[in-house]
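According to Swiss-Prot, the features are:
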- 1-14: topological domain 'Mitochondrial intermembrane' (TOPO_DOM)
- 15-45: transmembrane segment (TRANSMEM)
- 46-59: topological domain 'Mitochondrial matrix' (TOPO_DOM)
- 60-87: transmembrane segment (TRANSMEM)
- 88-227: topological domain 'Mitochondrial intermembrane' (TOPO_DOM)
- H161, C196, C200, M207: Cu cation A1 binding site (BINDING)
- C196, E198, C200, H204: Cu cation A2 binding site (BINDING)
- E198: Mg(2+) binding site (BINDING)
- Y218: phosphotyrosine (MOD_RES)
Amino acid sequence: MAYPFQLGLQDATSPIMEELLHFHDHTLMIVFLISSLVLYIISLMLTTKLTHTSTMDAQEVETVWTILPAIILILIALLSLRILYMMDEINNPFLTMKTMGHQWYWSYEYTDYEDLNFDSYMIPTQELKPGELRLLEVDNRVILPMEMTVRMLISSEDVLHSWAVPSLGLKTDAIPGRLNQTTLMAMRPGLYYGQCSEICGSNHSFMPIVLEMVPLSYFETWSALMV
């Protein structure tokens, strides 16, 4: 999860987030190289004493600086389209969960189980225990199996919300009257925190998300006790 004064992105926990981190680093390197080249050319222009007052145009140069950026943008677009396809792909999910946004809490339903659902509210600051995180702890965590594909169905009952967990590379809008879907897969156990990422009213910042990823055997035991 995030820590104070963090500069980079959170550590990746899912294959999708790994791909997003690689794409981010790849694109950032291209931007850095282009920026360095532009700054170098500007510094040469400011320091040189050579001028070309007789030059009216330069067709070759204009052609190069039109075609080359287009090629770079196409390469970046191809990489991003691949990741977009991977994020939309649903491959034989082990479990399906329905998430509904409300002002200002989340409700969850395990659709593969009968009558397994609950609401998840933020724990007020005055009720936090030592070591718990302010504005991020909830009374009911979402328990999910690790290393398994989970399909999330996300919607809202009132206004626009957005269900986001950064370390898993997830951010899906919760829109009233529309059912969006996404998949998640955590490669290691642990607690993963997120928040509503769409301005949804006065208590928008009090809608945390907590996923607890556990081994499959533990999840089966927990679900049997809850049903």
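For all residues, glycine too, the Cβ spot is worked out from N, Cα and C.
Feature map: Swiss-Prot annotations on the structure.
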| residue | record | DSSP class |
| --- | --- | --- |
| H161 | Cu cation A1 binding site | strand |
| C196 | Cu cation A1 binding site | strand |
| H204 | Cu cation A2 binding site | helix |
| Y218 | phosphotyrosine | helix |
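Nearest to E198 (Cu cation A2 binding site) in space, judged by Cα atoms and limited to the recorded positions H161, M207, Y218, is H161. Residues 16, 19-20, 23, 26-27, 30, 34, 169, 182-183 of the same chain sit 6 or more residues outside the transmembrane segment (60-87) yet have a Cβ under 8 Å from a Cβ within it. For H161 (Cu cation A1 binding site), the same-chain residues 6+ apart in sequence whose C-beta sits under 8 angstroms from its C-beta are G101, D173, A174, C196, E198, C200, M207. Same-chain residues lying 6+ beyond the ends of the topological domain 'Mitochondrial intermembrane' (1-14) with a Cβ under 8 Å from its Cβ atoms: 20-21, 24, 166-170, 184-188, 190-193, 213. Excluding C196, E198, C200, H204, which define the Cu cation A2 site, the same chain contributes G101, W104, V159, L160, H161, S162, S197, I199, G201, M207 within 8 Å (Cβ to the Cβ centroid), listed in sequence order.
H204 (Cu cation A2 binding site) counts 17 other C-beta atoms within 10 Å of its own C-beta, drawing on all protein chains shown. Cβ proximity to the Cu cation A1 site centre (mean Cβ of H161, C196, C200, M207, cutoff 8 Å) flags the following additional same-chain residues: G101, Q103, W104, W106, S162, A174, Q195, S197, E198, G201, H204. Of the listed recorded positions, namely C196, C200, Y218, the sparsest Cβ surroundings within 10 Å are found at Y218.
A distance of 33 Å separates the Cα atom of H204 (Cu cation A2 binding site) from that of the residue listed as 'phosphotyrosine'. Every protein chain shown contributes to the tally, and the Cβ of E198 (Cu cation A2 binding site) ends up with 18 other Cβ atoms within 10 Å.
Neighbour density for M207 (Cu cation A1 binding site): within 10 A of its CB lie 27 other CB atoms from the protein chains shown.
Helix, strand and coil counts under DSSP for the topological domain 'Mitochondrial intermembrane' (1-14) come to 0 helix, 0 strand, 14 coil.
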